[in-house]
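S.K.: Handing you this structure, nothing more for now.
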């Protein structure tokens, strides 16, 4: 039997517990440490990530999340990847904030399809005070269905974060998007510190943090490692980390960006799992461009949640039936449901 070659733990400062029931020691991750993880042979990296994953989660279980755009387009920010920006000519048309009954119908449909988490996104730079009453009502009503709630509304002041907490919000999403070094290449209207300040306000209100980023925007591996380092070194690191693979949309500055190598995306999932052992690593945008084998590798690397349904904000997503078929073929259980039957043949 061939042994697996690994870099010494002292070199990588691994967060892998000594025993499956042992707590991972807090640590600061250097970008160089994370680059060393990226550089591992692919099979060794996945083996490592699986060890960490199994020490903290049921490796054969995934959570289904549904994401609804409650206010689409017309955003004042100039994020180069985003078709909702008012700075770019895309097919996305601006809309007003959805009515509560429309949101509730979508939430009920998501629950009926097996989702246990419902995320609501609004294309705002930051929510206006006149909108806070409506979005907090959405949180209360969706939570009343028994769904875990998440919102992404842009930058938040401390008082707004507290209002969402008082309404019962479980998670707030505000992505870092990239490493600090690459950030200026894609966004000029919002600083990196603005994002960190919002995360601090969310954490200060006692809301769980959902924070990840986008890969495949033309960044280097070192810059991908820099993003993971930023996430892993947040104190504490996020409870939820969505990893997005760029969906290049016509009309945006990144429309012609070459796609990221698929194995590099899997490596990013694995590195996120190793550096943030107890976070929910969520396969997010870009999944429609992945074949089933690539998605299976992502689950092996430590992803344990997907966004489920036909759309992610303004981009398409694999059909729910296809996801169910894939879960059955892989023997994956959906959180909150009985295990799927194994498909033969």
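A Cβ is built for glycine as well, from the same backbone N, Cα and C atoms used for every other residue.
When I checked Swiss-Prot for this same protein, it listed these features:
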{"type": "BINDING", "residues": "75, 79, 82", "note": "[4Fe-4S] cluster binding site"}
{"type": "BINDING", "residues": "119, 150, 210, 282", "note": "[2Fe-2S] cluster binding site"}
{"type": "DOMAIN", "residues": "60-287", "note": "domain 'Radical SAM core'"}
S.K.: Which three-state DSSP class does residue 119 ([2Fe-2S] cluster binding site) fall into?
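M.R.: DSSP assigns residue 119 ([2Fe-2S] cluster binding site) to strand.
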S.K.: Please report the Cα separation of residue 119 ([2Fe-2S] cluster binding site) and residue 82 ([4Fe-4S] cluster binding site) in Å, rounded to an integer.
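M.R.: On Cα coordinates alone, these residues lie 18 Å apart.
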S.K.: Taking DSSP as the reference, which of helix, strand or coil describes residue 79 ([4Fe-4S] cluster binding site)?
M.R.: coil
S.K.: I'd like to know which of the binding-site residues 75, 150, 210 has the most other Cβ atoms within 10 Å of its Cβ.
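M.R.: Highest number of other Cβ atoms within 10 Å: 210.
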S.K.: Residues near the [2Fe-2S] cluster site, 119, 150, 210, 282 excluded, by Cβ within 8 Å of the Cβ center?
M.R.: 65, 67, 117, 152, 171, 173, 240, 242
S.K.: Within 10 Å of its Cβ, which one of these binding-site residues (79, 82, 119) has the largest number of other Cβ atoms?
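M.R.: Result of the Cβ crowding comparison: 119.
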S.K.: Between residue 75 ([4Fe-4S] cluster binding site) and residue 210 ([2Fe-2S] cluster binding site), how far is it from one CA atom to the other, in Å?
M.R.: 21
